[in-house]
């Protein structure tokens, strides 16, 4: 029977060969030389495919004694003309998923590969956690060693500011008793314990008293200038209350109270009328007015190597609107008063941290220290960074101290996104774009610097 089977197979094989020979021998007569050649090549390819099919093992996974597969993959799998790039990639991934260890195969049956242990995923998560903890430790170290100001230095700087404020208040009451002012008070990041690196800056707010029936404020977006975040202070009822009815009529330009003229008035007092060397000698400080254009600024040396800058900031309050005489960056808007949002922003930040013992203020102080120590980030202001944190606080609820690294990275990504859009809306007044005073070039430089550091944020801590 075996012999008959072998003869039958051989007969079948010879029959196919005889048929092929007959076709090839007669093709020349019918198709000519060229056609016969093409038909011969095609017929030979069919015969090789037939030979491979009848010679392949019954199981494609049966192994030879060497442990490798006993049949080779078809040559067309490597042909660049038959496989495009996507197919090659898919094929490569498919081949890589096949087990290559010989122990994964049995000589008779195919055993599916064992699933990867869940421990590997846990190891990846652990590695990420270690990287996050490493950044967390670096952030805390940076804050302790670079950003935080010693309590003693803060106290001495505040005391110097309080002493100078008291002297200025006494002088104004004595020399200009008719100037309607409320009590001056200190403000700024040093006063709110949000200053970083050095205790070198504080603001002295000088509130003007305006008659409510003689003055009104007009939002900048409602004017032809269309500048949200700024206001015009207009003189009202001039037909019933003529010029001179208010002390501050002397600072009116074109029917509006000019912050520049108000600042010039105080400059004459601060820089020209007060004997600061004598006051400094009395207080054991070195005090001198800053040179122009910082007209309303005092430079104070309260210790041998400690300096403090005090900014005098005239302020007006009309209803619920608080404005300060900090000019717009562009000169054509020097008649506008700036809306004061910093006190409300700081109060919200402090309230959020007090509610859950969060790390929002800590994250903000680290960002401020980085920007203060990195010249390329010098255009970013404390208000902009504060609003980035406030926006992030609306998205993320967990601000526990161990989440500092995650929130720091999120703040960086958020800041980059705002720079990319060119818009950072105020968290308290979304109509105000806090990037409006930056030039496109400055925005590009800030975004580029932060984007380059995103892959390795530790670089920011080395400045």
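Glycine too: its Cβ is placed from the backbone N, Cα and C atoms.
Computed from a predicted structure; not experimentally measured.
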Site co-member for ADP according to Swiss-Prot, given 187, 189, 340, 342, 368, out of 201, 328: 201
Given ranges 214-223, 224-233, 234-243, 244-253, the stretch to which Swiss-Prot attaches the annotation region 'Important for interaction with DNM1L': 234-243
Correct range for region 'Important for interaction with DNM1L' (source Swiss-Prot, candidates 160-169, 260-269, 270-279): 160-169
Per Swiss-Prot, the range holding region 'Disordered', considering 15-35, 57-77: 57-77
From the candidates 79, 400, the one which Swiss-Prot records as phosphoserine: 79
Greatest C-beta neighbour count within 10 angstroms, which of the binding-site residues 201, 368: 368
For ADP, whose listed binding residues are 187, 189, 201, 340, 342, 368, the greatest C-alpha pairwise distance in Å: 20
For the region 'Important for interaction with DNM1L' (160-169), residues assigned helix / strand / coil by DSSP: 10 helix, 0 strand, 0 coil
Intrachain residues whose Cβ lies under 8 Å of the region 'Important for interaction with DNM1L' (160-169), provided they are six or more past its termini: 183-186, 190, 202, 204, 270, 274, 279, 283, 285, 287, 298, 300, 302, 308, 310
Local confidence of the region 'Important for interaction with DNM1L' (160-169) - pLDDT mean: 94
Neighbour count (Cβ, 10 Å) for residue 342 (ADP binding site): 19
